[in-house]
Ligand SMILES: O=C(O)C1=C[C@@H](OP(=O)(O)O)[C@@H](O)[C@H](O)C1
Ligand SMILES: C=C(OP(=O)(O)O)C(=O)O
C-alpha cells in the first residue's frame, strides 16, 4: 500500500477552479498481469519495466512465486522494474486471489501445469464472482479439480505437471477473462487449445485482443480469424522485455476531472495504438463535450464544466462505467448506459452499487436489464460506499469535484489498481498535503 494512501473515510476534495495539470498514470493492470503470467510460462527470464504495482498485481506475482517462479522487484530510474525468472511450476501452493479477476481466472490454467495441488481462495466477495466456464473447461481438458460444491472459489487444482489441451466450448458471456485465461496458458498444453464461445455476445472484446497481442509478442501462434473461436498452437513461450503502457482506464477519472472542473488535464505516454479498452475514454469524453487531443506528448482533455448527456453501449469497456456514470450524473440531461449486464459479476454488482450510491446523494438513477438510466438531479453531501471496488472510489472522487461533502468510505480499496490515487488526485488539484 502506498504510504500516502489514507485509510478509512476520505473527504473528496472539491475542485479549486479550472485545472491545468499533468498526471503520470502508472502502468496497466491488464498488461502487467498478462506479461507476468507469460513470463512465468516462458523459456527464460523476462524484464517488465513500469509494471503496475498495486494489490491486483502484487497478488499475481505472489501467486506466481508460490508456484515456483522467481520475481525480483527492483527500481530502475525511480520506476518499478521486475525481473521474472521462470522455474518449474510446482505445488503444493495456496493462491490468494483477493478480488482480482485476472488472478482468479488467469491462474487456474497455469496451476494445472504445475506438479502438485494448488488451492485458490480470495476475499469474501470473490466467492461470488463467476468462475464456472474456466473450471468446466479445465475439467473437459482432463484436469482434476476439487470444489466445495459451487463452481466458484474456493477450489483446488490437483495438477500433475501437464495438460492435454484440445478444444473447449464455453459460454464466456459473463467475462472475457474466461477466454483470456485459457489462451494465456494454452501454448503450454500438449495439443495447444481451441476455445469456442457459445452464448450471448462476449463482453470486453478489446481485452481478448490484448491477450492475443501479448501472446504473439511472446512468439506464440494464435488464430483469431473466426468470431468466437481462438486457436493457440502448442509452442514454447519466448521471454519478453517490455515497458508497460499507462493504465488508460485508471487515467479516466483524471481526464474526466477536466470536464467537471473545466481547464485541462494531460496524461503523458498515451499510446498511439493500443489494445487497452480504456482508450475508448477519448471518444466518450469527446461525446460528453470535452476537447480531446492526442499527440506525441500524450493525451490532453479540456472542458468548460458543461457535461453533455450520452447514450452509450459500454459492452467493450465495462471498466469505464463507474466514472462515466459519475459524469452522467452531473450532465445536462438524461443519459443511458447500455450493454453492461455483466458488471453484476465484477468487484461488486456495479449496477446495483452505482444506483444505490448515486441515489444516496440525491441522484435519479434507475437500473435497467443491461445498464443504467441516469437522470440529472441536484446532488448533495453524503457518504459514498465503495464495496471493495476501486472504481467506485474513482467515481466518487469525480462527483466530489463538484458536490461538496462527498465522503468516500474505505478509500484504501482503490489500491486494487491504483494505491497512489489520492496523492495523484491531490496533485492534480494543486494541493500540497
Ligand atoms: O482481462 C482483463 O484484464 C480484464 C477484462 C475485463 O473483464 P470482463 O470481461 O469480466 O469485464 C475487464 O473488465 C477487467 O477489468 C480486466
Ligand atoms: C472488472 C475489473 O477488474 P477484474 O480484473 O478484477 O475483473 C476492473 O478493474 O474494473
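Each position is counted from 1, following the chain as shown.
The backbone N, Cα and C atoms fix where each Cβ goes, and this holds for glycine too.
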(message) Just to be sure I read the record right: 29, 30, 34, 175, 176, 177, 204, 346 are listed as binding 3-phosphoshikimate in TrEMBL. Which of 148, 151, 319, 367 is listed for the same site?
(response) 319
(message) If you measure from the CA of residue 129 (phosphoenolpyruvate binding site) out to 10 Å, which recorded positions from the list 176, 319, 346 are inside that radius?
(response) 346
(message) Taking DSSP as the reference, which of helix, strand or coil describes residue 29 (phosphoenolpyruvate binding site)?
(response) helix
(message) Please identify, among the binding-site residues 29, 101, 176, 177, 391, the one with the smallest Cα-Cα distance to residue 319 (active site, proton acceptor).
(response) 391
(request) For each of the binding-site residues (177, 204), count the other CB atoms lying within 10 A of its CB, then report the residue with the highest count. (result) 177
(request) Going by DSSP, give the three-state secondary structure for residue 346 (3-phosphoshikimate binding site). (result) coil
(message) Just to verify a number: CA distance, residue 350 (phosphoenolpyruvate binding site) to residue 204 (3-phosphoshikimate binding site), in angstrom, no decimals.
(response) 15
